[in-house]
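Colleague: Per TrEMBL, transmembrane segment is recorded for 112-131, 137-160, 172-193, 205-227, 295-318, 324-343, 355-373, 379-402, 414-434, 446-467.
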Amino acid sequence: MFARENKKEKGAETTFFEAVPASVLKNPNDAPPPLALTPEQDRALYRKIDIRLMPILSLMYLLSFMDRGNARLQGLETQLGLTGNKYNVALVSPVPSCLFEGLVLKKFRPSRWLPGITVLWGIVMTCMGLVKNYPQLVGCRVCLGVAEAGLFPGVTYFLTLWYPRYDIQYRVGLFFGAATIAGAFSGLLAYGIGFMSGTHGLLGWSWIFILEGIATVAVGILSFFVLHGCDAPGTASFLTPEERAYVIWRKSDATTRCIGADFFFFCDVDGDSHAGEDEDFSLKYIRAAFLDWQVWVHILIYMSVVAPLYGCALFLPFGYSTAVSQLLTVPLYVFGTLVLLTFSLLSDRLKMRSPFIVAAQLMALVGFSINAADVPSGAKYFGMFLCVAGAYASFPGVIAWLGNNLAPQYKRAVGMALHIGIGNFSGAIASNIYRKQDAPRYVLGHAVELGFLGMGLVLTPLTAWIYSRINAHRDAVQGSDGKYDSMTAEELKALGDRAPNFRYSL
C-alpha cells in the first residue's frame with residue numbers, strides 16, 4: 001500500500017525528523033512505512049486535525065469580517081460627518097494589506113504569528129469605536145489593514161502544509177465560509193448591539209467596534225493555546241509519531257495525487273515540499289514566482305472574484321430601515337455559505353477547479369445584472385442571493401487552484417502572496433465604486449462589478465485550456481527524449497511545476 005521509494009529521497013531525513021526515531025534516520029532506506037490506515041481510519045485522523053485547526057482558524061477569520069458595513073447603518077456616517085465618498089475612502093484597508101502580507105509567509109511560526117496579529121487587530125478594532133473624527137477613522141482603518149494582512153494568506157498557506165492536494169479546497173471553504181457566516185451573524189449582532197446606542201454617550205456603531213474588538217482579543221489569546229504545537233505535521237504535539245508520519249506521507253506520496261483521466265494526468269511532483277519542512281530557501285524560487293505567467297493570470301482571475309465579493313460585503317443597499325436591512329442580510333449569507341461548501345466539496349471530490357469557478361462567476365453575473373436593472377425591490381433581493389453566493393463560492397476555488405499548480409514550496413509561498421496581495425487591490429476599487437450620488441440603483445458600481453466578472457469568465461476557461469494543453473504535451477513527450485532520465489528525485493522536485501511529470505489541476 002505504501003511506496004517505500006518515497007522514504008529513500010534526500011528529503012526523507014528532514015521530513016521525518018519528528019516522526020520516526022533518530023536511530024532509523026541514520027539510514028533512511030531502512031525507514032519503516034507509516035501506518036497502513038483504512039479509509040475510515042484516514043477520515044478519523046483528518047477529523048482529528050480538522051477539529052484542532054479549523055474551528056479556531058474559522059473563528060479568527062469570522063471576527064475579521066464582523067465589522068464590514070454594519071457600523072454604517074448605526075450612525076457612523078452621521079456622527080463623524082462622512083459626507084460624499086469619505087466612507088468609501090475609509091474602507092480601503094486592502095491597500096496596506098497588499099504591502100505587508102507578502103512578508104509573513106514562511107517567516108514566522110503560525111502558532112505565534114496568527115494569534116499575535118489577531119490580538120493586534122482586536123485592539124485596533126476596539127480603538128475604532130472611540131474615534132471622534134474622519135482622520136482618526138482612516139488612521140485606524142490603515143492600522144487594521146496592516147494587522148489583518150497576514151491572516152488570510154498565512155492561514156491559506158498554513159493549510160497547504162497539512163492537507164493533500166485535493167483535500168484543500170474544502171478546508172479553505174470551511175475557513176472562508178466563516179466570512180460568509182460573519183455576513184449573516186454580524187447583521188443579527190449589529191441589530192442587537194444597536195439597542196445599546198446612547199450607553200455611556202456612545203452610539204451603536206461605537207459599541208459594534210468595541211464589543212467585537214474585545215471578542216477578537218479574547219479569541220486571539222485563546223488561539224495561542226489551541227495552535228500551540230501545530231506549526232507543521234512533523235512537529236504536531238497532538239499527533240502520535242505514527243500519525244505524523246502518515247500525514248506527511250499522505251502529502252508526499254505520489255499515489256495520493258495522481259489521478260488518471262481521458263485527456264490529462266494529474267501528478268504533483270513537488271512531494272514533501274507541500275509539507276513545508278525540507279526545502280532550503282533560494283532566491284531562484286522568488287524569481288520563478290515573479291516570472292511565472294500563471295501567477296499573473298491568476299491575479300486577474302482573483303481580482304474578478306474579490307471585487308464582487310467586497311461589493312457584497314460592504315454594500316447591500318436594500319432601501320429599508322436599518323433594522324430591516326440588518327435582518328435581510330442573514331438569509332443571503334446563509335445561502336452563500338451553503339453554496340460555497342457544496343462547490344468546495346464537489347471540487348475536491350471531482351478534482352476540478354475551473355468548472356466550479358465559472359459556475360459561481362455566472363451566478364454573480366446574473367445577480368449583479370438584476371441589481372443594475374430597473375426592476376422591483378423583490379427582484380433585486382433575489383439577485384442579491386446570486387451575488388453573494390456567486391462571489392463567495394468562487395473564492396476558495398481560485399485560491400486552491402493556484403496553490404495546486406505552484407511548486408515547490410517557496411515558489412508557492414511567494415506566488416500566493418502576490419496572488420492575494422496584488423489581487424486585493426480590486427477590493428479597494430470595489431470600496432469606491434458605490435457612490436452616494438448613484439443610489440439607489442448604483443448602476444456604475446454594478447457595471448464595474450460586471451466588468452470584473454466578465455474578465456474572469458474569459459480568463460478562467462482560457463487558463464484551464466492552457467493547462468490542459470501543457471498536460472497533453474507533457475504526456476506526449478515525457479520519457480521520449482531521455483532528457484530527464486538521469487535526474488534525481490530532488491532535482492526534479494527543484495523544477496517544481498516545470499518538471500516533466502508535473503500535471504496541472506484544471
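Any Cβ shown, glycine's included, is placed from N, Cα and C.
Please treat TrEMBL annotations as automatic predictions, because they have not gone through curation.
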Colleague: Honestly, do the transmembrane segment (414-434) and the transmembrane segment (137-160) touch, with at least three Cβ pairs under 8 Å and pairs 6 or more apart in sequence?
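Modeller: They are in contact.
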Colleague: Cβ pairs under 8 Å with the transmembrane segment (446-467): which stretch of 112-131, 205-227, 324-343, 355-373, 379-402 has the most?
Modeller: 355-373
Colleague: Go through the chain and flag residues at least 6 beyond the ends of the transmembrane segment (112-131) whose CB is under 8 A from any CB in it; none is fine as an answer.
Modeller: 57, 60, 63-64, 67, 80, 104, 137, 140-141, 143-144, 147-151, 154-155, 158, 202, 205-210, 212-221, 223-224, 227
Colleague: Check the transmembrane segment (379-402) against each of 137-160, 205-227, 324-343, 355-373 and return whichever range has the most CB pairs under 8 Å.
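Modeller: Counting Cβ pairs under 8 Å, the winner is 355-373.
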Colleague: Other than its close neighbours in sequence, what residues sit by the transmembrane segment (355-373), given a CB gap under 8 Å and a spacing of at least six beyond its ends?
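Modeller: Residues 301, 304-305, 308, 311, 339, 343-344, 346-347, 379-380, 382-391, 393-394, 397-398, 401, 441-443, 446-447, 449-450, 453-454, 456-457, 460-461 contact the transmembrane segment (355-373) from elsewhere in the chain.
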